[in-house]
Amino acid sequence: MPSYQAPLRDFRFVMDEILDYPRHYAQLPQADEVTPDVVSAILEEGARFTREVLLPLNRTGDEQGCRLEGGEVLTPSGFKEAYAQYVEGGWPSLSGDTAYHGQGLPTSLGMMLSEMVCSTNLAWGMYPGLSQGAADALRHHGSDEQKAQYLTKLNDGTWTGSMCLTEPQCGTDLGLIKTRARPDEAGGYLITGTKIFISAGEHDLAENIVHLVLAKLPDAPEGTKGISLFVVPKYLPDAEGEAGERNAVSCGALEHKMGIHGNATCVMNFDGARGYLVGEPHKGLACMFTMMNVARIGVGIQGLGLMEVSFQNALAYARDRLQMRALSGAREADKPADPIISHPDVRRMLLTQKAFAEGGRMLVLYAAQLADSVECATDAAEREAAETELGLLTPIVKAFLTEVGFEATNEGVQVFGGHGYIREWGMEQYVRDARITRLYEGTTGIQALDLLGRKVLMSQGEALKPFTKQIHKFCKAHEANDAMAEFVMPLAKLNVEWGDLTMAVGMKAMQDREEVGAASVDYLMYSGYVTLAFFWARAAQAAHQALASNPDDAAFYRAKLETARFYYQRLLPRTRAHAEMIRAGSETLMAMQAEDFGLGFAI
Ligand SMILES: Cc1cc2nc3c(=O)[nH]c(=O)nc-3n(C[C@H](O)[C@H](O)[C@H](O)COP(=O)(O)OP(=O)(O)OC[C@H]3O[C@@H](n4cnc5c(N)ncnc54)[C@H](O)[C@@H]3O)c2cc1C
C-alpha cells in the first residue's frame with residue numbers, strides 16, 4: 001500500500017521563506033487566531049488525520065466502490081466512520097462563517113488541508129469538498145432564511161452539499177439545460193428534470209444533502225441568460241431546522257467509471273422536488289460561479305495532491321529497487337545491482353514529479369493568499385485587485401496543475417516499471433483518479449478559453465498585467481545577482497514573450513475569432529510554465545539566501561536549487577513548442593470540413 005508523509009517542511013518553506021505567510025496572516029481580521037503556533041498545530045493534526053484515517057481507506061474505497069441499494073447509496077467500508085471523525089475534529093467548519101458555527105479561519109488553511117486530503121484519499125475528500133462550495137454560494141447569494149437553514153449544518157458537517165449542473169444533453173454548454181422550475185402555491189418551486197454525473201449526489205455519510213440545482217423558470221429567456229439557481233434539500237428542514245420530510249429527489253443510478261470509485265457519481269432525478277430560489281431569477285449562473293470558482297481551485301489542488309503522493313512513493317521505490325549498474329560504474333558495489341535512482345532517466349521522471357508538485361504548491365499557496373484577501377480585505381481596491389489576479393490564476397491552477405498532475409502520476413507508474421501497472425503497489429490508481437481532474441469543473445479546453453478569451457483578451461490584456469509586472473519587478477530586483485542569472489534571464493525573456501504572444505493572438509482574433517480557440521490550450525500551458533518558472537525562481541532565491549547563512553538543513557535548500565535548475569533546463573523549454581503552436585494559428589485546424597476527417601471512408 002502506498003505511504004504518505006504530509007510535506008510539512010515544504011509547506012513551511014513556501015509559507016515562511018517565499019510568501020511571507022506570517023505577515024499575510026497578521027494583516028487579516030483573524031490575526032489573533034492564526035498565530036504561527038496555531039497554524040502549525042492545524043497542519044500537524046491535519047497530517048495525522050489524513051495519514052492515519054484517510055490513507056488506509058484509499059485502496060479499499062477504490063476496490064469496493066459505491067453501491068446503490070433500494071435507492072440508498074452505500075459508500076465503501078470505513079468512509080462513514082472517517083467522515084464522523086472528520087466532523088468530530090471540527091474540520092468542516094475550519095474556514096466557515098463564524099455567524100453560522102464556522103471557525104472563521106482563513107480560506108488558505110482549508111486549502112492546505114485539502115492538499116493532504118487529496119493525497120491520501122481523493123474520492124473520500126470529494127464528499128466534504130462539495131459542501132464548502134455549496135456553503136460559499138449560499139453565503140454570498142442566499143437569503144438570510146436560507147443561510148440560517150443551511151449554513152450551520154453545512155459548516156458543522158451534519159449535512160453535505162452537491163452541485164447539480166450537468167444533464168445528458170448539456171455539459172459544457174449550460175444554456176441547453178432542460179430541468180424546469182415552476183412556482184408552487186407555498187412560495188417555493190417544484191423542480192423537475194434529470195441531472196447526471198453528480199458527485200456526492202447521494203451517500204450515507206451525512207444526515208441530509210443540500211443540492212444546488214440549475215434550472216429554468218417558465219418565463220426564462222433562451223440560453224445561459226435564463227438559468228436560475230435553487231437549493232433543493234434531500235430532506236426538507238422541519239420547524240426545528242432538522243432534516244424533516246423526504247423531498248422528491250432521488251438517485252436513479254450510479255456511474256461506473258475509470259477512477260475515484262469511492263465517490264458516488266450519481267444520476268439524480270428531481271420529480272417535482274421542492275426547491276427555493278437562490279439569488280435573483282435568471283441570474284443563477286453567476287451565483288453558481290461562486291461555487292464553481294471554489295471548486296476549480298479545489299480541482300487544481302487535487303492534481304497537486306496526487307502528484308505529491310505519487311512522487312513520494314516513486315522516490316521510495318527508486319531508492320530501493322535494484323536494476324543494472326550506473327553507466328559510470330557501480331554505485332553500490334556490495335549489492336547485486338544499483339538502485340534505479342542512479343539512472344539519469346529515472347531521475348528525470350522523479351524530478352519532473354518533484355518540480356511540478358513543489359512548484360504547484362507554491363502556486364496554490366499564492367492563490368490561497370489571494371483567496372484570503374478576496375474574502376477579508378477591508379480595502380476595496382485591494383480586494384478588487386486580489387479578485388482580478390485570482391480570476392487570472394484560477395484556470396491556470398485548475399487546468400495546468402491537472403494536466404501536469406496527470407503526467408506526473410503517469411511518470412510515477414513508469415518509475416515502478418511493470419510493478420506500477422499492476423494494482424498491488426497502488427500507483428495505477430493515482431493515474432485513474434487523476435484522469436477526471438482534467439475533465440470536471442470545466443475541461444482543460446474550457447479553462448483555456450476562460451483564460452485567454454474571457455480573462456485576458458476581453459480585458460485587452462489588463463488582467464494579465466499585474467502578474468507580469470510582478471515578474472518584471474522580481475527580475476529587475478535580482479538582475480545584478482550573478483547567482484540568479486540562470487533564472488532571471490530566461491524568466492525576463494519569457495515574461496516579455498508572454499505579452500507579445502497575447503498581443504499577437506489578440507490581433508489575429510480581430511480578423512478571425514477561431515484564432516482564440518486555436519491558440520487557447522497552448523496559451524494556457526505556456527502561461528502555466530511561465531507562472532511556475534516565476535515561483536521556482538523565487539524558491540531558488542530563497543534557497544541561495546538560506547544557504548548563505550549555513551542552515552542546519554542545507555540539503556533541503558540544495559535540493560530546492562537543483563530542482564529549480566531542473567525545472568528551467570528540462571521543463572521550461574516546453575514553452576518553445578507551445579509558443580510555436582500558438583503562432584501557428586487556426587488555419588490547419590479549420591481547413592478540413594467535418595465530413596473529410598475520415599469517418600466517411602468506404603470499407
Ligand atoms: C466523475 C465525474 C464527476 C462529475 N461531477 C459533477 C458534479 O458534481 N456536478 C455536475 O454538474 N457535473 C459533474 N460532472 C460533469 C462534468 O463537469 C462534465 O463532464 C464536464 O463539464 C464536461 O461536460 P461533458 O462531459 O458533457 O462534455 P462536453 O461538454 O460534451 O465536451 C466534450 C468535449 O468537447 C469540448 N468542448 C465543448 N465545447 C467546447 C468549446 N466551446 N470549445 C472547445 N471545446 C469544447 C470539451 O472540452 C470536451 O473535450 C462530473 C463528471 C464526471 C465524469
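We count from 1, first residue shown onward.
Just so you know, glycine gets a Cβ as well, placed from its N, Cα and C.
TrEMBL entries are annotated by machine, without manual review.
Annotation source TrEMBL lists domain 'Acyl-CoA dehydrogenase/oxidase N-terminal' at 44-157. As annotated by TrEMBL, domain 'Acyl-CoA oxidase/dehydrogenase middle' applies to 162-271. TrEMBL lists 283-450 with the feature domain 'Acyl-CoA dehydrogenase/oxidase C-terminal'. Per TrEMBL, the feature domain 'Acetyl-CoA dehydrogenase-like C-terminal' maps to 467-593.
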**OP:** Rank 44-157, 162-271, 467-593 by Cβ pairs under 8 Å to the domain 'Acyl-CoA dehydrogenase/oxidase C-terminal' (283-450) and hand me the top one.
**Re:** 44-157
**OP:** Average the pLDDT scores across the domain 'Acyl-CoA dehydrogenase/oxidase N-terminal' (44-157) and report the rounded value.
**Re:** 96
Subject >> Secondary structure content, the domain 'Acetyl-CoA dehydrogenase-like C-terminal' (467-593) (per DSSP, counts of residues) >> reply: 110 helix, 0 strand, 17 coil
Original post:
So how many of the residues in the domain 'Acyl-CoA dehydrogenase/oxidase N-terminal' (44-157) end up helix, strand or coil by DSSP?
Top reply: 81 helix, 6 strand, 27 coil
Subject >> Secondary structure content of the domain 'Acyl-CoA oxidase/dehydrogenase middle' (162-271), with strand meaning DSSP E or B >> reply: 7 helix, 56 strand, 47 coil
